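Trainee: I have a structure here, written as structure tokens, and I will follow up with some questions on it.
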């Protein structure tokens with residue numbers, strides 16, 4: 001069966017990897033829609049290669065500019081409405097949500113309402129509104145298929161298993177660019193230092209989140225919703241080689257793990273062709289060459305953002321959305337070298353502390369909390385600049 005796919009965030013690292021997968025298996029995958037924010041040069045190339053029916057960009061000016069450069073019969077839209085139009089296009093049956101940040105939330109929700117299966121790589125959607133997204137998926141008979149390597153690993157380990165027999169999930173983490181640094185050393189490090197991820201090729205925002213371990217915190221929160229597992233049953237383990245992507249321990253003591261080379265095209269391909277597998281020409285895992293694998297506990301004093309994620313997830317309500325929004329603001333300013341590395345964790349902590357949580361929030365309440373947190377975090381950081 002051919003999958004007809006729309007990709008939200010086609011010019012990012014996940015989006016370009018996804019298009020590599022489509023190119024490798026044109027008989028199985030066809031592109032219906034693509035979205036990008038500002039990188040219309042790359043989007044132009046993608047349109048010419050994949051001939052989508054519809055694309056969307058951030059602004060009207062960019063859409064007008066793109067129209068002058070495209071002769072293909074592709075509809076060009078813009079803004080949130082344009083992203084939603086791509087996500088809900090009637091010809092697609094699978095939507096890859098790979099945009100960065102909470103901007104992926106509304107298109108994902110509308111795609112679920114349109115009864116699309118979601119290959120989800122946008123952590124923030126489940127962090128901010130996991131209860132809404134998972135309930136919508138159930139109501140509309142849609143599948144949420146994880147794309148992150150860690151969640152894909154758990155998803156694969158649980159295939160054919162009974163979730164009631166899970167003892168715990170073990171989410172692995174590389175440790176990020178600063179894993180071998182002391183707190184004193186980290187204090188003066190800049191964005192260019194954090195962007196040197198030891199194992200994975202990722203976008204800038206995600207690489208900074210990896211350096212703070214906030215990315216792993218988000219993955220814990222994502223796992224809670226994807227697999228309907230309480231936080232007390234989700235552990236994190238540092239695994240520097242990034243070969244074991246995650247593990248599941250069962251009540252009888254058995255442990256299942258999924259291993260593979262650190263290449264995002266593999267979990268993307270699995271999500272695209274689920275529930276069956278396709279051959280690939282990607283690098284194969286050779287354990288004899290690797291020789292040994294190493295594991296250790298995460299240091300929560302050194303990386304407090306991971307602990308913040310656990311605490312905010314347990315509180316629930318609008319607090320996870322506030323955590324995410326404060327992180328997005330601080331992360332972006334650190335990337336611009338306008339604040340110090342430790343200002344990220346301080347901003348998150350102060351913003352969450354100032355928030356008045358709303359339990360069982362509506363989508364509007366989540367979006368309102370998101371906007372409040374962005375403004376509050378910005379005001380905190382104005383004093384730092």
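Note: Cβ is positioned from N, Cα and C throughout, glycine not excepted.
Feature list, courtesy of Swiss-Prot:
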BINDING   11, 12, 13, 14, 39, 122, 124, 203  NADPH binding site
BINDING   123, 149, 150, 174, 197, 210, 215, 216, 219  1-deoxy-D-xylulose 5-phosphate binding site
BINDING   148, 150, 219  Mn(2+) binding site
Trainee: Cβ-Cβ under 8 Å from residue 122 (NADPH binding site), same chain, 6 or more residues apart: which ones?
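Mentor: In sequence order, the residues whose Cβ lies under 8 Å from that of residue 122 (NADPH binding site) (at least 6 apart) are 8, 9, 97, 98, 99, 100, 101, 104, 105, 108.
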Trainee: Where residue 12 (NADPH binding site) and residue 215 (1-deoxy-D-xylulose 5-phosphate binding site) are concerned, what is their Cα separation in Å, rounded?
Mentor: 17
Trainee: Just report the maximum Cα pair distance in Å for the recorded NADPH binders 11, 12, 13, 14, 39, 122, 124, 203, no decimals.
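Mentor: Max Cα-Cα spread across the NADPH binders: 22 Å.
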Trainee: If I take the alpha carbons of residue 13 (NADPH binding site) and residue 148 (Mn(2+) binding site), what is the distance between them in whole Å?
Mentor: 12
Trainee: Measure the Cβ-based neighbour count of residue 13 (NADPH binding site), defined as the other Cβ atoms within 10 Å of its Cβ.
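Mentor: I get 19 for this one.
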Trainee: Hey, does DSSP put residue 13 (NADPH binding site) in a helix, a strand, or just coil?
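Mentor: Where residue 13 (NADPH binding site) sits, the three-state DSSP reduction gives helix.
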Trainee: Of all the binding-site residues given, 11, 39, 215, which has the fewest Cβ neighbours within 10 Å once its own Cβ is left out?
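Mentor: Each of the binding-site residues 11, 39, 215 was scored by Cβ atoms within 10 Å; lowest is 39.
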Trainee: Per 10 Å Cβ neighbour count, which of the binding-site residues 12, 203 ranks highest?
Mentor: 12
Trainee: Can you name the binding-site residues among 123, 148, 215, 219 whose CA is within 10 A of the CA of residue 39 (NADPH binding site)?
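Mentor: Taking 123, 148, 215, 219 one by one, none has a Cα falling within 10 Å of residue 39 (NADPH binding site).
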Trainee: For residue 123 (1-deoxy-D-xylulose 5-phosphate binding site) and residue 11 (NADPH binding site), what Cα-Cα distance in Å is obtained after rounding to a whole number?
Mentor: 17
